[in-house]
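See structure below.
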Amino acid sequence: MPLEAVVYPQDPFGYLSNCKDFMFHDLYSQEEFVAQDTKNNIDKLGHEQSFVEQGKEDDHQWRDYHQYPLLIPSLGEELGLTAIDVESHPPPQHRRKRRRTRNCKNKEEIENQRMTHIAVERNRRKQMNEYLAVLRSLMPSSYAQRGDQASIVGGAINYVKELEHILQSMEPKRTRTHDPKGDKTSTSSLVGPFTDFFSFPQYSTKSSSDVPESSSSPAEIEVTVAESHANIKIMTKKKPRQLLKLITSLQSLRLTLLHLNVTTLHNSILYSISVRVEEGSQLNTVDDIATALNQTIRRIQEET
């Protein structure tokens, strides 16, 4: 756009006055501009410094502290402001580091407790295995054919019961008495310990005269069962080849012979037998075993 010159009439007497007014007006406007510019710069500096301080607080949580340069050095020099030295204000230690240290200690304590528990349990199992090995060595191998804990403990129980039976069967020999002549043995003193040997027999001989002989049992029979093992006590009259026939009958009943003890007193004989009930056997209870043995003893005595 072309500039056009505009000519104003001038008062010959007011030229100096107008020039003076223009000069004062120009100085006043320049002072207002400088003041406004200074105020704007101060506000801008305060806003930038607050933004820098907020950024520093956020960065303190995740990174190390370093010296930051002054963002607006020229403006700070003009306004007489100084830069904030970050190194003069060391940051406080953050709680997250302490928490991590405490968590590491807790993990170490938990790991130590776990290792201690494992060591105690290992020692307990080792001691239990040693005791089971000693217990298994004290009894015949037929009582504990398997090496597990239940078999060893069950076999030990059966072996202790068998030893008790053997001890009771040896009592008649210890308490044997003789008549005054010394050549004969009292029959009553020998039979008495045999009768005391049976606690709860399933079959018993009838001594009363009013009971028919056919209804009485030919032997005293008592059976006890522990799991798959059975302890049998039989007291009867001695017969030839009776023991061989009894063992054969036990095998036919699927009763495996584990231990046998025989005690004789004059015309009587006491069998202490330990057997194992095999799988597939029809004898599942003490009454079944006692009934089968009663029939076997009756048949043996009738054959002889």
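A Cβ is built for glycine as well, from the same backbone N, Cα and C atoms used for every other residue.
The feature region 'Disordered' is assigned by Swiss-Prot to 86-107. The compositional bias 'Basic residues' feature in Swiss-Prot is assigned to 92-104. Annotated domain 'bHLH' per Swiss-Prot: 112-163, in sequence order.
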With helix taken as DSSP H, G or I, strand as E or B and everything else coil, how many residues of the domain 'bHLH' (112-163) land in each class?
44 helix, 0 strand, 8 coil
Please compute the mean pLDDT of the model over the domain 'bHLH' (112-163).
87
